Amino acid sequence: MNLTALLRHRLFWPIAVLVVLLASNLVFSNNFFTITLQDGHLYGSLIDILRRSAPLVLVALGMTLVISTGGIDLSVGSVMAISGALACLLIGDLSNPDSVGPVLLVVGAAIALCLVFGLWNGFLVAVLGIQPIIATLILMVAGRGVAQLITDGQILNVHSAPYRVVGAGYFLAVPVSFLIAAAAVALTVAVTRRTALGLLLESVGGSPTASRLAGIRARRITIMVYVFAAAFAGVAGLIYSSDVSSADSNAAGNLIELNAILAVVIGGTALTGGRFSIAGSVLGAVIITTLDITAVSVGVPVETTLLFKAVVVIILCLAQSATFRAKVFGRFSAKRTVPA
Amino acid sequence: MLRRLSLAVAGGLLLASAVAGCGGDDAGSGSGGGGDDKITLGFSQVGAESGWRTANTKSIQESAASAGIDLKFSDAQGKQENQIKAIRNFITQRVDVIAFSPVVESGWGTVLKEAKDAGIPVILTDRAIDDPDTSLYKTFIGSDFVEEGKKAGDWLVKEYEGKTDPVNIVELQGSPGAAPANDRKAGFADVIKADTKFKVVASQTGQFTRTDGKAVMETFLKSQPKIDVLYAHNDDMGLGAIEAIEAAGKKPGTDIKIITVDAVKDGMTALSENKINFIVECSPLLGPQLMDLVKKVQDGQTIPQRVLTEETTFTPEQAKEVLADRKY
């Protein structure tokens, strides 16, 4: 394959950074790539990365769709907190929290509530014409309050074997949270790339007015992406709370909206809307999770962890910028036509 | 359940309108006019990040009510800027006394100077600030976090007394920059440094939350070849770590000894089940002592610059005895 074409591929630099991160882990802990079978499930650092990425992948998927229409959704973290809080509250009220049926109902109820929140966001943006950043800011702030009211400001603990499976369980030795995220990715790819929906999304993001004049129901599509984003965030919230069998309405999904936006940007989707890359966003989410795990596993001192992450992200963003590459690497090439 | 949910929705709407309004409508309800003798106390809480904090909030609210003090309560949700805003609001409302638990140690000079200029006495609760100007606040009531770290270290030294094998310790720190994290780390390190067999092989932040405690412990378990002891700066991180240890096929409390700080109910339960080996108490129930200090300050009495809350430590046996009466 042509090397320059490879270098120019949109996802070349994110993949390169991920490889470097994984490789640097190997230097510090030599069993980093070891995957063993522990109590009948897969166990290892790579499995941790897959498992821990799941909530961010879900949120980033929704965010990708929203951003592709030129919008943004700041409320995903709060929606995560609400869905986890509601699920834990309802499970706490069950007479038998270990029976599968009622727990499934609870999970359904939590996701249904999130759909309502998605509709609310979509309504504000598409029908009332409020700027997305403001429209979703309302739910971002108020939503956390709702979650705190549901949990009474306490950490709600639940003891439910079926609920635990969502975030901490394994199916055929594979983490369930990873399977959920993978299914969501597959669903999103199928819906956007196997139908005309992806094209419609990009067209709405490119120009809502032109799309409407071309006969696309831009309003309906806009509402739909916010519903998608909220539903995915709801599932992410369930994974998050199920992982530790408790609902912490303060910490759940705190600042995840920013990580999700970062994942989308790393993946090469422009914040201005239009073309989007699902693979890129997933990759971005995995990079961010790997970065978190690497910081701990390499032993970056607590005080400098944020700096470490920032430096990696800046390097990645600069490497992705064609202008920057031309300015820096251009100097090393034979051509000296560029004035200093 | 339905009532609570509808309450939640109503509360959400209320919050939403508060965002839109952002007004200081209740500024007039302060006791600035001095129409009655009721003392007004403005209190800014860190947030509701743990069961400990919730018990702390409850204690302050209940003891304010029973002491006949008008409490203006504000939740900073873990953000310093919210807390500074809340304190400025208290100054504008001309409350009689301001009390707060600082989110972080630094950056309080300006706003506390404003309070001082307005003649409003300030009491720090539970967490200290690192400003050299001690005239900015009347007193600091709370636990001695360094002492807590030392108690944790003392137990460890005793537990491994007479043994010479190296002891590998991993530490889950609290939020970076927070006084309890800094001091619990320092106190612990101070005690164990006397013996070279103790080695802290990894120390990372778990943000005082269960999820982060679990995530960081998972990574520790993979990156560290041998872990003998876990020292977590609060119960919640310890509880998260217990899940990670169990998922790794090890037995918490046996394969890896666990020391935590706080002694909230969930932590005490795990202690009584021998999943945690030792808990240093950090009592949140400082409300009555705080109200007492508020009254004294208001009366113009001199109070000590530092007031300690009464605390103890727990072993599994002691935990079993007191677990039933544990309120938080």
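Any Cβ shown, glycine's included, is placed from N, Cα and C.
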According to TrEMBL, which listed range is transmembrane segment: A:72-91, A:252-271?
A:252-271
Relative to the transmembrane segment (A:278-300), which of A:12-29, A:49-67, A:104-126, A:306-326 accounts for the most Cβ pairs at distances under 8 Å?
A:49-67
Can you tell me which recorded stretch out of A:104-126, A:133-150, A:221-240, A:252-271, A:306-326 has the most Cβ pairs within less than 8 Å of the transmembrane segment (A:49-67)?
A:221-240
Honestly, do the transmembrane segment (A:221-240) and the transmembrane segment (A:306-326) touch, with at least three Cβ pairs under 8 Å and pairs 6 or more apart in sequence?
no
Please identify the stretch among A:12-29, A:104-126, A:252-271 with the greatest number of Cβ pairs below 8 Å relative to the transmembrane segment (A:306-326).
A:12-29
Sort out for me which stretch, of A:12-29, A:104-126, A:170-191, has the most Cβ pairs below 8 angstroms to the transmembrane segment (A:252-271).
A:12-29
Within the same chain, where does the transmembrane segment (A:12-29) have neighbours whose Cβ lies under 8 angstroms from its own Cβ atoms, ignoring anything closer than 6 residues to its ends? I mean 6 or more beyond.
6, 45, 266-268, 280, 283-284, 286-287, 290-291, 293-294, 297-299, 312, 315-316, 319-320
